[in-house]
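J.: Taken from TrEMBL, the feature active site, pros-phosphohistidine intermediate covers His120. Feature annotation from TrEMBL assigns ATP binding site to Lys10, Phe58, Arg86, Thr92, Arg103, Asn117. As annotated by TrEMBL, domain 'Nucleoside diphosphate kinase-like' applies to 2-139.
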Amino acid sequence: MTERTLILVKPDGVKRGLSGEVLRRIEAKGYTLVAVELRKATPELLAEHYAEHVGKPFYDPLVEFMLSGPVLAVVAEGQRVIEGFRVLAGPTDPTTAPPGSIRGDLARTWDLPVIHNIVHGSDSPESAEREIGIWFPGI
Ligand SMILES: Nc1nc2c(ncn2[C@@H]2O[C@H](COP(=O)(O)OP(=O)(O)O)[C@@H](O)[C@H]2O)c(=O)[nH]1
Ligand SMILES: [Mg+2]
């Protein structure tokens, strides 16, 4: 069954000129781009997007980071794309993310209050539906 996922190239990725590289990897894997838009987040939008993290110690730095520049918001489509993009992205910690993954190849650890790891990808069908509704209402 075809499904859709919400992907963000975070401000670190956009600033470093890696938007095209992330899109290239999504397309090279065989997924279809449904929507691609350079966007400026807002605190309200991020409170919805990162609802599961509100109140955690890294939440405020995470919001500040996500507001530090534009993000590339993407909807991609394909069989098992939610799981598939999480594998393309690699685990949250870029130091131990395997080479070959976006985070493993393109990100590293810095002495910063929040992890800079290039991309966000929805983690379940429920998250994907919710997040696509937040970033692309009406799609
Ligand atoms: N400083 C810090 N940042 C974190 C931590 N966990 C997550 N983050 C940041 O918050 C984002 C959202 O966290 P999460 O949903 O758990 O990870 P993801 O699904 O792999 O992006 C991550 O991508 C990181 O940018 C943490 O333990 N410490
Ligand atoms: Mg997450």
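Each Cβ is built from the backbone N, Cα and C atoms, and glycine gets one as well.
Automatic prediction, not curation, is the source of TrEMBL annotations.
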J.: As a quick check of your reading of DSSP, tell me how many residues in the domain 'Nucleoside diphosphate kinase-like' (2-139) are helical, how many are strand and how many are coil.
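T.: Each residue of the domain 'Nucleoside diphosphate kinase-like' (2-139) counted once, the result is 59 helix, 30 strand, 49 coil.
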J.: With respect to ligand 1, which members of the binding-site residues Phe58, Arg86, Thr92, Arg103, Asn117 satisfy a Cβ distance under 6 angstroms to one of its atoms?
T.: Phe58, Thr92, Asn117
J.: How many Å separate the Cα atoms of Arg103 (ATP binding site) and His120 (active site, pros-phosphohistidine intermediate)?
T.: 10
J.: Fewest other C-beta atoms within 10 angstroms of its own C-beta: which of the recorded positions Arg86, His120 fits that?
T.: Arg86
J.: Which residues in the same chain, at least 6 apart in sequence, have a Cβ under 8 Å from the Cβ of Thr92 (ATP binding site)?
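T.: Same-chain residues close to Thr92 (ATP binding site) (Cβ under 8 Å, separated by 6 or more) are Arg103, Ile115, Asn117.
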J.: Cα within 10 Å of His120 (active site, pros-phosphohistidine intermediate) is the criterion; apply it to the binding-site residues Lys10, Phe58, Arg86 and give the hits in sequence order.
T.: Lys10, Arg86
J.: Could you give the maximum C-alpha to C-alpha distance in Å for the residues Lys10, Phe58, Arg86, Thr92, Arg103, Asn117 that bind ATP per the record?
T.: 21
J.: Applying a 10 Å Cβ distance cut-off over all chains shown, what neighbour count does Asn117 (ATP binding site) have?
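T.: A count of 24.
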J.: Relative to the Cβ position of Phe58 (ATP binding site), how many further Cβ atoms are located within 10 Å?
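T.: Phe58 (ATP binding site) is surrounded by 13 other Cβ atoms within 10 Å.
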J.: Can you give me the same-chain residues 6 or more apart in sequence from Lys10 (ATP binding site) with a CB-CB distance under 8 Å?
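T.: Listed in sequence order, they are Phe65, Met66, Val71, His116, Asn117, Ile118, Val119, His120.
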